[in-house]
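For reference, the structure is listed below as structure tokens.
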Amino acid sequence: MKFAYRFSNLLGTVYRCGNLNFTHDGNSVISPVGNRVTVFDLKNNRSNTLPLATKYNIKCVGLSPDGRLAIIVDEGGAALLVSLVCRSVLHHFHFKGSVHSVSFSPDGRKFVVTKGNIAQMYHAPGKKREFNAFVLDKTYFGPYDETTCIDWTDDSKCFVVGSKDMSTWVFGAERWDNLIYYALSGHKDAIVACFFESNSLDLYSLSQDGALCVWQCDTPPEGLRLKAPRGWKADILQREKEEEEEDEEEGDRETTIRGKTTPAEQERVGKVKYSRLAKYFLNKEGDFNNLTSAAYHKKTHLLVTGFASGIFHLHELPEFNLIHSLSISDQRVASVAINSSGDWIAFGCSGMGQLLVWEWQSESYVLKQQGHFNSMVALAYSPDGQYIVTGGDDGKVKVWNTLSGFCFVTLTEHSSGVTGVTFTTTGHVIVTSSLDGTVRAFDLHRYRNFRTFTSPRPTQFSCVAVDSSGEIVSAGAQDSFEIFVWSMQTGRLLDVLSGHEGPVSGLCFNPMKSILASASWDKTVRLWDMFDSWRTKETLTLTSDALAVTFRPDGAELAVATLNSQITFWDPENAVQVGSIEGRHDLKTGRKELDKITAKHSAKGKAFTTLCYSADGQSILAGGMSKFVCLYHVREQILVKRFELSCNLSLDAMEEFLNRRKMTEFGNLALIDQDAGEENGVAVPLPGVRKGDMSSRHFKPEIRVTSLRFSPTGRCWAATSTEGLLIFSLDAQMLFDPFELDTSVTPGRIREALRQREFTRAILMAFRLNEKKLAQEALEAVPQNEIEVVSTSLPELYVVKVLEFLAASFEESRHLEFYLIWTQKLLMSHGQRLKSRAGQLLPVVQFLQKGLQRHLDDVSKLCDWNRFNIQYVLAVSKQRGMKRTLEPVDTEEDSDASDEDSLHLLRAAGEEEEEEMLI
């Protein structure tokens, strides 16, 4: 088994905080999600998270005009220069202060950041290699409060900065003689956004109270004059002074009097001036809805404003005509962005974690995604690995597509937190348990709740399990310590299993036998036999409270996680412990800012809360109250690899040691409400509160892993944590893993064998080298009529390798029919021999089925659409042939005559029929 799993995607969370951006082509949205960045491709319906992370939550993102570079700045002021082409970090930089916004100039040569009450302009990184990618050019002073927003003119000559001191400042990017800086006032609240008009120095400024000021400049952009160098200026001033002295002498001779302007008046002559043309108010009279975000499209003169109540307005400027107004959420609209064409508008709501893309002309949603409001608790893979279902504390159940990364259905029938989710073996039914006292079954075809299982007395269910046939549903209670068993077909309660003396923490059915394993806080694991009237077959005594239980895929082994950070392995047939793992030191828990004790002592109360076997059963994943997920080898009982889910220091319990400089005699400085001016201040959680309303919105949520699952294909695994749903997968492109390699296997010899038409030898050498491009070249070089001969000559060991390659190629390659022929010939030739190793080949077969099923769905939809269109066209063409031509309008006499003629014809036809009948 390979262990080179790497982070591949982040699901379950679509937006946290920061500003949204559209890419250069306008088809993708770049959204900051915690300390990561996700790119939503709206054209191809895919989402992908960049393989990079900052130390804190991302605060602002700036894109270069060509869309190739991005500057990502977190809350601590650390910046990353990222290439969106190769998806890698090019440079690290620290601004040594909190940055509110960053913006590139339209020509891409410079960028400006607003930090504190100043604005700093840097030279943008070029295409050549440089020792320092960020070179400071100028620092602009003026505002006395924090600066909030930036906008550039189209020619990159000037930029405008808004501030919390209710003023707007226009600065020159170059040393202009008639514009150094210009301060504009007239607002009664902090500036939220400011925008230049297209090809003009006219600008708009918006404040938090919903006021819009229109400013007109008396100078066009071409009227800006460069300031002369100091040497030239001194010569010019000296020349002017000499001319003035000569004029004075001539005046004395001719007794004429000439007036002089003061130096202040001379300074004002020829300078840029602004005047306020109009002032509009976005709020109605008596409405105190705060403006939170705004965006302006210069080509179409479209202004989009978002408010704290979840409402957004569309106005046409400068006439301020209202185009549209809509409420999209109950929470504040934190960010607004418009794409390059001006058709799509992106909205981000940080409170609910919503990301919306609205097409304002057709008044329809292009994208509408929302994560779980509270933390996710449980997850499950579908049998084919295509879908992931998650349940959260907000009572919602969401189904995610692993290929696109989007949630395509949200089930909201539960009225309280979801505690467990699972798929049936068919993959068409989802079963969930909740604290509202119900277990529900959902149909994935119609997205409806077709079964609701309840207990005779109201109880809170903590876990759920379904047997391999999909007919038996069981759920454990955390208050009555009982296990309830229902029938899926009838919905009737079959039995109530009693015996546990503590809350039931986990349930799991044996995949091969009719045995149910239940773990409880009473330090026991009970095995119940379904065919023996649900009697207790065995009781496994543990040394501590059981927190999780799971069976190996072949059902021959049982793993239990306990409160003392141990994982014990049992033989379910003989009820004998076969191994144990001590994982206390592998968890590496951190210290929370509220903890009075060190991380070393608090680790005694931390343990693994979720377990999952790999697809082949050789390894097991374990996660719990830590930022790490541990991968153990079951037989050797050793730690193989430890995966760090997050490095986000905005979460609590991330560090093992706290900064002693923050520990004062009054307590930890982190608990002092320092950000009261931002929104609602810092909410400190109540003692003992781990989840719920206070936990989801307090300043630093605690990092923890709530659920782990391996994909049935074995290529990836998923984890639900405070950060969201993270997927780790095997990246074949980054891994060189040869198979039975020797010195005779080289790319040159592989291509030489292909030229000599020795296809079998070339394929064997290509898979021994295990290079994807060489394997693809070797397989695609085989003529279609020789595939059957080559496939029969392959050894059985290499057949599995070829099937794995074909399964991966179905997700990328366009040669669908060619690879289908390869798959068919391999399975027909080696199917009987592969059947003897069905257990080991199950991940490969499921991986193959996943790719084939996706192509089947796509092709079937396209074929159905074409077939229905052809049927419609044929039906319309037949109806057109049946239509009669329009008759000319006749006079009354002609119409009477035609009526009489028709009557005569009818009578004549009737007489002929009577004669025929008589004959």
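Note that Cβ sites are derived from N, Cα and C of the backbone, with glycine treated the same way.
If you look up Swiss-Prot, you'll see Lys55 marked as N6-acetyllysine, on the strength of a large-scale study or a structure entry. Shown in sequence order, Asn35, Asp74, Gly76, Ala78, Cys647, Asn648, Leu649 are the residues of the chain, 6+ apart in sequence, with a C-beta less than 8 angstroms from the C-beta of Lys55 (N6-acetyllysine). According to DSSP, Lys55 (N6-acetyllysine) is assigned to coil rather than to any helix or strand.
Marked as phosphothreonine by Swiss-Prot: Thr891.
The annotation phosphoserine is assigned in Swiss-Prot to Ser895 (among others).
Residues annotated as phosphoserine in Swiss-Prot, with a large-scale study or a structure entry given as evidence: Ser898 (among others).
The phosphoserine annotation in Swiss-Prot covers Ser902 (among others).
Marked as repeat 'WD 1' by Swiss-Prot: 12-50. Using a Cβ-Cβ cut-off under 8 Å and counting only residues 6 or more beyond its ends in the same chain, the repeat 'WD 1' (12-50) has close neighbours at 56-63, 65-67, 70, 72, 74, 82, 84, 87, 101, 334-341, 343-344, 346-350, 353-355, 357, 366-367, 369-372, 376, 390, 398, 400, 403-406, 646-648, 650, 720, 723-725.
Only residues 6 or more beyond the boundaries of the repeat 'WD 2' (53-93), in the same chain, are considered here, and those with a CB under 8 A from a CB of the stretch are 16-19, 21, 23-25, 30, 32, 34-37, 39, 99-108, 111, 113, 115, 124-125, 133-134, 646-650. Annotation comment: Swiss-Prot describes 53-93 as repeat 'WD 2'.
According to Swiss-Prot, the feature repeat 'WD 6' maps to 286-325. With a cut-off of 8 Å between Cβ atoms, the residues of this chain six or more beyond the repeat 'WD 6' (286-325) that come close are 154, 192-193, 195-198, 204, 206-210, 212, 214, 277-278, 280, 331-338, 342, 345, 347, 349, 360, 363.
For the repeat 'WD 7' (328-368), the model gives a mean pLDDT of 92. For 328-368, the entry in Swiss-Prot reads repeat 'WD 7'.
Annotated repeat 'WD 14' per Swiss-Prot: 700-740, in sequence order.
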The repeat 'WD 6' (286-325): DSSP-derived helix, strand, coil residue counts: 0 helix, 24 strand, 16 coil
The repeat 'WD 7' (328-368): DSSP-derived helix, strand, coil residue counts: 0 helix, 21 strand, 20 coil
Helix-strand-coil residue split for the repeat 'WD 1' (12-50), DSSP-based: 0 helix, 18 strand, 21 coil
